[in-house]
Number of protein chains: 2
Amino acid sequence: MPRLGLLPRRAFAALLSQLLRPPRTACVRALGGHSQIAEAMVTSQLKPHQEKPSFIIKTPRGTRDLSPQEMVVREKILDMVISCFKRHGAKGLDTPAFELKEVLMEKYNEQSGLIYDLEDQGGELLSLRYDLTVPFARYLAMNKLKKMKRYQVGKVWRRESPTMVQGRYREFYQCDFDIAGQFDPMIPDAECLKIMCEILSGLQLGDFLIKVNDRRIVDGVFAVCGVPESKFHTICASMDKLDKISWKGVRHEMVAQKGLAPEVADRIGDYVQHHGGVSLVEQMLQDPRLSQNKQALEGLESLKLLFEYLTLFGITEKISFDLSLARGLDYYTGVIYEAVLLQTPAQVGEEPFNVGSVAAGGRYDELVATFDPKGHKVPCVGLSIGVERIFHIVEQRIKTSGEKVRTTETQVFVATPQKNFLRQRLKLIAELWDAGIKAEMLYKNNPKLLTQLHYCENTGIPWVVIIGEQEQKEGVIKLRSVATREEEAIKREHLVAEIQKRLSQS
Amino acid sequence: MPRLGLLPRRAFAALLSQLLRPPRTACVRALGGHSQIAEAMVTSQLKPHQEKPSFIIKTPRGTRDLSPQEMVVREKILDMVISCFKRHGAKGLDTPAFELKEVLMEKYNEQSGLIYDLEDQGGELLSLRYDLTVPFARYLAMNKLKKMKRYQVGKVWRRESPTMVQGRYREFYQCDFDIAGQFDPMIPDAECLKIMCEILSGLQLGDFLIKVNDRRIVDGVFAVCGVPESKFHTICASMDKLDKISWKGVRHEMVAQKGLAPEVADRIGDYVQHHGGVSLVEQMLQDPRLSQNKQALEGLESLKLLFEYLTLFGITEKISFDLSLARGLDYYTGVIYEAVLLQTPAQVGEEPFNVGSVAAGGRYDELVATFDPKGHKVPCVGLSIGVERIFHIVEQRIKTSGEKVRTTETQVFVATPQKNFLRQRLKLIAELWDAGIKAEMLYKNNPKLLTQLHYCENTGIPWVVIIGEQEQKEGVIKLRSVATREEEAIKREHLVAEIQKRLSQS
């Protein structure tokens with residue numbers, strides 16, 4: 001039990017930190033359908049004999065509730081993503097929300113500070129998962145699986161600094177697809193890119209581009225530019241910021257913060273400006289310095305083969321070999337990729353926003369081995385769909401279009417025009433439920449007919465079953481179409497069959 | 001970044017605690033499809049130039065991965081539960097995995113010690129959610145919603161002591177349905193019981209019974225038996241253990257640990273042995289002591305009305321008024337209920353196990369007010385389906401039956417009998433994917449035909465498309481049924497249409 005004596009001080013501190021903090025909340029609020037914060041002091045009243053702390057009622061910083069409207073959109077997008085993963089033969093997997101702290105350590109380079117740790121309550125040291133990739137690798141090693149094609153959809157948590165990255169949440173969904181196993185080169189890698197194309201095309205988010213590079217090319221560039229090997233990881237992390245800050249800013253970080261020689265940074269700068277198709281791969285293969293580097297050469301040869309397969313898949317026009325792409329995570333070892341929307345889908349009335357990357361991934365051939373007692377390798381390649389940003393775009397569109405989203409699926413409403421018909425309504429609605437028909441009624445003894453019909457119009461219920469004195473006498477019920485307002489009498493005993501007939505026709 | 005200097009000591013402590021701990025893991029292992037623990041020392045190898053800690057690779061205590069086989073079962077059960085919730089007009093909602101610590105405090109009586117807290121990393125004090133009810137109440141108050149019928153499916157976390165409760169997980173799914181709003185008495189309450197019946201019948205888990213009581217009757221019994229009001233909550237928590245330990249054990253806890261007079265405990269004992277139908281409600285209404293208690297009287301009158309509605313729903317034979325039912329959580333204020341399976345579904349070869357309650361819930365009219373600055377009440381009633389135990393039962397059944405569960409949905413496999421047909425296979429499979437057909441192929445340049453056909457048989461793929469030299473010459477492909485092994489030649493350009501025709505027929 002929490003010690004009550006500590007509470008008022010803690011609550012005060014929490015309040016103070018709220019008031020002093022920059023208004024991150026405004027950003028969260030703009031995204032959600034409901035206000036995420038009720039700026040009010042709350043006094044708990046469950047046990048009136050105890051003194052209660054006062055606190056501001058809100059969701060934790062960087063998190064939000066999803067309202068029913070948002071849930072409908074989310075469900076549709078997730079369904080679409082999952083059905084694509086299944087189309088490619090993936091199996092489902094679920095892993096715990098938290099892992100042993102040791103499992104996550106050393107996997108995320110400079111992002112490790114963003115991991116949420118659980119309090120040591122006398123047991124294991126635990127952390128909330130940071131992505132779905134490391135848990136997947138841990139699962140493979142733990143179960144000694146040598147191959148697996150799996151998808152996983154679930155929340156991950158990152159303590160992102162709200163001032164740095166606008167519009168990002170600290171809790172968000174990831175949708176991952178990965179292929180583990182020793183296969184012939186670039187076939188699974190090409191399929192991952194195909195999947196990204198299928199999903200981004202299917203969701204109709206507008207034009208997109210998938211930037212592709214290879215971690216070995218990144219390392220090769222670093223090597224030929226003169227970056228000391230001990231600095232590869234940290235310089236790679238700096239380069240990963242190129243989609244958020246300019247080359248000038250990245251160069252400054254490399255030189256001032258990471259201690260890179262300015263001329264080395266400039267040499268890197270010369271390479272990272274390049275992007276193009278398979279011809280750029282050929283060009284780089286001719287680059288006198290790069291082609292001498294074993295790592296870079298391997299990466300370039302791989303990309304050449306990859307482009308051949310992408311041509312067969314018919315998706316090369318969506319792919320750009322981009323030497324500035326780094327991907328911040330430590331565990332990538334081969335091809336890496338990141339999909340970006342080419343234009344902000346700003347329509348009239350929409351506020352423009354930077355959506356950043358909407359999907360990303362790459363090859364990580366060494367990660368599973370770090371969990372295997374004998375260091376056995378299981379090569380892996382995979383992708384993650386940035387559904388959170390996709391939700392944002394789709395939600396904005398719906399908002400702009402003024403389209404009304406139904407948040408329930410109710411097919412039939414049970415109504416009465418008379419008093420004292422509660423019992424008949426209850427009996428009738430139970431019949432509908434038992435027949436699998438989605439049905440609602442008002443939880444009132446004697447509701448007004450108009451109130452009942454308005455409820456149907458407001459919530460989009462298409463059919464109303466009406467039962468009253470007259471109908472009861474005649475052994476019928478009235479079936480009313482909410483759209484046309486037409487009513488017809490139906491024999492009471494045929495009710496379920498008649499409704500099912502109408503529902504199957506619509 | 002975690003301080004590396006601390007690691008070896010921590011890792012050693014973790015290892016030691018593993019070795020000294022009672023073998024909880026054996027229980028987890030028996031449930032999952034895969035071994036949850038690889039008892040081996042692991043050395044991280046990502047950065048070979050750094051020294052790495054060794055640790056045992058496992059999921060955190062009381063948690064587990066869900067294998068593809070388990071995910072298929074889980075998905076089917078969740079689909080069934082959610083479709084019932086939607087049939088009753090519920091909207092979806094999602095809330096963050098963690099809440100402000102203050103939100104959860106004082107809500108769970110003596111179970112508060114089981115809440116997972118997050119480490120204070122310089123920000124708000126957070127805890128993982130313990131159920132979906134308190135977050136729902138917080139959501140209603142925060143958004144000033146006066147009514148809502150919502151369902152929510154998500155993980156919750158409880159630091160249950162593994163030695164005390166066998167077969168329970170510390171991370172588990174809850175499936176909740178709740179009706180918030182001021183309505184006429186017992187109509188939503190009756191619907192909640194109807195939903196529990198629909199789900200438990202629909203899942204075909206065997207015979208079940210729903211115990212019903214009212215928190216006001218519990219309090220009334222305590223009052224007339226002479227329990228001091230200050231002890232109501234803690235005595236109620238003891239009584240809640242009646243499904244796990246005998247009355248004798250509960251009585252001992254009440255007297256020895258909670259300081260209740262023995263004769264008071266015995267008077268409670270007289271009441272809690274009663275259970276029956278609506279006639280027991282009538283009988284208790286005649287009880288000279290109980291009927292004098294305002295609280296108890298209100299509760300009994302409510303149950304009388306409830307039974308009337310349950311009769312109209314046709315489910316009274318599933319309901320038992322049980323005076324021993326207490327429900328441990330603090331927030332219940334009215335009717336409470338809990339569904340139990342009447343017989344363990346032990347078939348030949350199944351190990352018998354105690355599944356406990358598989359669904360539960362009740363009315364909580366004061367909880368939302370504890371989050372509202374002005375203390376406005378939003379009466380609520382709801383239920384939670386114990387899907388984790390239901391999964392267990394269904395998984396056991398599948399195991400016993402030897403039934404093979406398909407973990408993918410792949411419809412077509414693209415194969416070749418010849419070497420050097422990778423490019424043709426890639427082109428062909430892309431066509432299938434683009435037509436929405438679920439298709440796989442082996443990630444090999446030159447796989448053997450037999451390997452390819454075995455893969456289909458092992459994974460249950462019904463159709464194989466075969467392309468080879470002969471077919472290419474003739475402008476056809478062969479379509480093979482895996483079940484019948486019959487093959488027919490189909491014009492290459494008709495392939496997609498022909499496959500779609502066959503899939504729509506099956």
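Glycine is treated like the rest: Cβ placed from N, Cα and C.
As annotated by TrEMBL, domain 'Aminoacyl-transfer RNA synthetases class-II family profile' applies to B:61-417.
Under a cutoff of 8 A between CB atoms, and with a sequence separation of 6+ in the same chain, the neighbours of B:GLN174 (L-histidine binding site) are B:ASP131, B:LEU132, B:GLN152, B:VAL153, B:GLY154, B:LYS155, B:VAL156, B:SER384, B:ILE385, B:GLY386, B:VAL387. Summarising the annotation, TrEMBL assigns L-histidine binding site to B:ASP131, B:LEU132, B:THR133, B:ARG158, B:GLN174, B:ASP178, B:ARG327, B:TYR331, B:TYR332.
Looking just at the domain 'Aminoacyl-transfer RNA synthetases class-II family profile' (B:61-417), the mean pLDDT is 91. Cβ neighbour count for B:ASP131 (L-histidine binding site) (all protein chains, 10 Å cutoff from its Cβ): 19.
Long-range Cβ neighbours of B:TYR332 (L-histidine binding site) (same chain, at least 6 residues apart, Cβ-Cβ under 8 Å): B:ARG215, B:GLY362, B:ARG363, B:TYR364. Comparing Cβ neighbour counts within 10 Å across the binding-site residues B:THR133, B:ARG327, the minimum falls on B:ARG327.
DSSP assigns B:GLN174 (L-histidine binding site) to a strand. Of all residue pairs in B:ASP131, B:LEU132, B:THR133, B:ARG158, B:GLN174, B:ASP178, B:ARG327, B:TYR331, B:TYR332, the annotated binders of L-histidine, the farthest apart have Cα atoms separated by 21 Å.
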